[in-house]
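Residues or ranges marked as transmembrane segment in TrEMBL: 32-55, 67-87, 99-117, 123-146, 158-179, 185-208, 241-263, 283-300, 307-326, 332-353, 365-388, 400-418. The domain 'Major facilitator superfamily (MFS) profile' feature in TrEMBL is assigned to 34-422.
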Amino acid sequence: MQGTAATTPATDIPPVHAVNVAPRWNESRTMVWRLSATFWCALVMGANDAAYGAIISYLELDYRKSYTIISLVFLSPFAGYTISAVLSHLVHQRLGRRGVAILGAGCHLLPFIVIAIHPPFPVLVIMYMLIGLGSGIQSAAWNVWIGNMANSHEVLGFFHGFYGLGATTSPLVATSLITKAGWSWYSFYYLMAGAAAIDLIYSTAAFWPETGTKYRHDNPSSTSATSGSLHQTRLSLTYRVTWICAIFLFLYGGIEVTIGGWIVVFMTSVRHGSAFASGMTETGFWLGITVGRFVLGFVSPRVGEKLSIAGYIVVAIVLELIFWLVPQFIVSALAVALVGFFLGTIFPGVVALSTRLLPKSLHVAAIGFAAAFSMGGGAVFPFMIGAVAQAKGVTVLQPMLLAMLTVALGIWGTLFWVPRAGLPHEV
């Protein structure tokens, strides 16, 4: 027995007392450089997602389509998000974070250029599908990378805060250029293409040493013969926490993008605001999300993610009731900004909690799956509301949002019975 033990390679098994030390965001200039690259990427993703709300009424006029058909621009990214959920682990294994930077930013740059030249509507839908693929790959990768850092909730708050900053700036710039400077809606995408080009160069340079070989070396548990992309995804789905977080984020993503996507139409049609004032309401919503992510990101870890997120949803429900029942433009604008503030930190909170409830080897697959679900919700629910609004009017927005928030609160409540480390496996 001693001879057998002696032949066991020392490098196969870490020392008994080995401790994995979480990297700190400021431990080196390289780490700060890479983190800033992910922040710029988040800003581009936020700017893209929020642009829908600012341009959707112009799409309707330009392409002369109904609410239902125009809502395909919300639904089409879902195909890209779904593909990214399956490919995320494979991209990490084969190409590393360098590949994530190149593929993700490339899947933004090409569609932005095509949209800027005013393509036919079917091509526009396909381009948004490709944008969804790029956002899905990048979102999963950077959320996992940051989620494994020390003080991950605070750093994730800044990452998602930059998403909110992009989402705040985008409708403000688009609305101003279209209504004040006389730009066409598609000309705005020249700016988006420039931002995506910076992302491609900046992120690729920052993560160039992060190859697939390095990723497999740093994550040996993900390189076994049975750890293919599909296998890792299937294994992560045997954990209840994966499904709970995915379904919850599906609803959360739907709520966030539905408000951002339809608030301008609602404020114009129902609250009778001007095009510019209604566009500023969307800006207020995304500004609320941004401030919430920077501010509440320091509060939630101290209260606990489970309890704090439940509290934020309850407050959002109360604010939505005020929004619905008090038919005044100013009250509605203030209420929707506060809804954004309390919803803002939910996504980073879910990611931070997931990294503690799941084995590290499954973080990319599980969080990639959940993030794709979130983006899927951001595609499906705005499309559904557009279809219902076509038949019943855009006044359906508030009761549907209240129903979604209530269901999300119920789903989140089930996490209070999930043990630490995601234990196991049965769903």
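Cβ coordinates are placed from backbone N, Cα and C, and glycine is handled just like the others.
Remember, TrEMBL labels are computer predictions, not curated facts.
Residues of the same chain lying 6 or more positions beyond the ends of the transmembrane segment (332-353) and with a Cβ under 8 Å from any Cβ of it are 143-144, 147, 152-153, 156-157, 159-161, 164, 245, 248-249, 252, 255-256, 259, 263, 267, 271, 280-281, 284-293, 295-297, 299-301, 305-306, 308-309, 312-313, 315-316, 319-320, 322-323, 326, 367, 370-371, 374, 415. The stretch from 158-179, 185-208, 241-263, 365-388 that makes the most Cβ contacts under 8 Å with the transmembrane segment (400-418) is 241-263. Against the transmembrane segment (99-117), stretch 123-146 shows more Cβ pairs under 8 Å than any other of 32-55, 67-87, 123-146, 307-326, 365-388. Counting C-beta pairs under 8 angstroms (sequence separation of 6 or more), the transmembrane segment (241-263) reaches the transmembrane segment (32-55) with 3 or more such pairs. If one looks beyond the transmembrane segment (283-300) by at least 6 residues along the same chain, the residues whose Cβ comes under 8 Å of a Cβ in the stretch are 46, 50, 153-154, 156-158, 160-161, 163-165, 167-168, 170-172, 175, 256, 259-260, 263, 308-309, 312, 333-334, 336-345, 348-349.
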